[in-house]
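Participant: Take this structure, written in structure tokens, and hold onto it; I'll ask about it next.
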């Protein structure tokens, strides 16, 4: 039997396992959802044992589906929801509290205080991040400050912190290994991305004991072995990366200026910037990209809060479509939006505007406005928001975009991808294998063991599924983008206190 790479893909709503062969083809998939916990409005938690039990069960299931044994698995690569925070007892393995999920904003007041203290510039300079409750630092502090006896136990050295990758590796190795990779460390708001170390000044500010923190190493390197009894024998763990960085690697965006966009609930855009950590002047995050061969690479990251969620809104709240795929059919029934723009700022606007108080708007409505126009305008809004982030990336990097690689659920929408190419005036490439996040984790693991020879071999595996070339004339493109800017101004104006 040929050997496989096992990718453990631990997401926000489910745990998945995919077995890949040397050609980067999917050989087996297993998936299991787990319970979301909402203790209060705006709070989001996961039970750490649910994360672990679902992940190990799908690993066994994926192996069993094709009759694979431990000796048939070359190595394991892990990719995970980023920033989600777990604290546990290093002697018993028992979590002291539920995992606080990246979406949870219970610590927003800590961020406001941080800004009042003038500490936001320190965070920005050292971590590359714009201070936000999204990241791990304030979540750790909340657990230390609000769970009885936890701060004392942490200061005594008996507690450990980890992002989800760390928690999975710790359990796979039965507590022998407490480690993370550079990409996940770079999302904690505690890690100096320039000197590649946990930052003492930031730890002191948040009153977080350094003894809690994991060792940090390259995304493609040897992390340890699984405990023999878990999957029928020892398996090497040799890759780990946060989900968006794993997708950048899975899309083979290895050169500075190469960009991928994942069209999920929101959009996550990452641009490889090589060995240069660019400090954004346009509201983007500077982060560490997944690397191999012992060298560090950086990326610029921009987020669009609402993308696929806008299509869900058409389906669930507006009841204009019965399934997401119908949005393409309706959009193609009209030649344009009849001058209408939808700005889906349901939870504010992300990069490059960063206004949490902006609200969704529909502008330019006339009597001739139809359901089809509404659906088309909503789809087009995903492309316009992507243009805004990519233009910010071009300005920060001084690199002109040559093409965009796409993945995620909404990338299957051919109308959207063509419109994206048109308003961006750039080629859009969609790969045949859209499992780019798990594939990135598999590639990182396989490079560390020699299963994959080098990046060139991986590039050869990348197979084009579809190309979308710009077909819009320059004048029309400029007019549409000008209209979008006016529509965004309306969404931003809603946040202003106007008498």
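Any Cβ shown, glycine's included, is placed from N, Cα and C.
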Participant: According to Swiss-Prot, 12, 82, 83, 134 bind sn-glycerol 3-phosphate; so which of 200, 243, 275 is the extra one listed there?
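Facilitator: It is 243, as the record lists it for that site.
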Participant: If you count other C-beta atoms within 10 angstroms, which of the binding-site residues 308, 409 is the most crowded?
Facilitator: 308
Participant: Go through 13, 312, 413, our binding-site residues, and report the one whose Cβ sees the most other Cβ atoms within 10 Å.
Facilitator: 413
Participant: Filter the binding-site residues 14, 244, 409 down to those whose C-alpha lies within 10 angstroms of the C-alpha of residue 82 (sn-glycerol 3-phosphate binding site); answer none if the list is empty.
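Facilitator: For residue 82 (sn-glycerol 3-phosphate binding site), the binding-site residues whose Cα atoms are within 10 Å come to 244.
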Participant: Within 10 Å of the Cβ of residue 244 (glycerol binding site), how many other Cβ atoms can be counted across all chains shown?
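Facilitator: Around the Cβ of residue 244 (glycerol binding site), 26 other Cβ atoms lie within 10 Å.
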Participant: Sort out for me which one of 16, 82 has the most neighbouring CB atoms within 10 A, since those are the binding-site residues we care about.
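Facilitator: Its Cβ has the most other Cβ atoms within 10 Å: 82.
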Participant: If you pair up every Cα among 12, 16, 265, 308, 409, 413, the residues annotated as binding ADP, what's the maximum separation in angstrom, rounded to an integer?
Facilitator: 24
Participant: Taking the Cβ of residue 12 (sn-glycerol 3-phosphate binding site) as the centre, how many other Cβ atoms fall within a 10 Å radius?
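Facilitator: I get 19 for this one.
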Participant: Give the residue from the binding-site residues 14, 265 that has the most other Cβ atoms within 10 Å of its Cβ, counting over every protein chain displayed.
Facilitator: 265
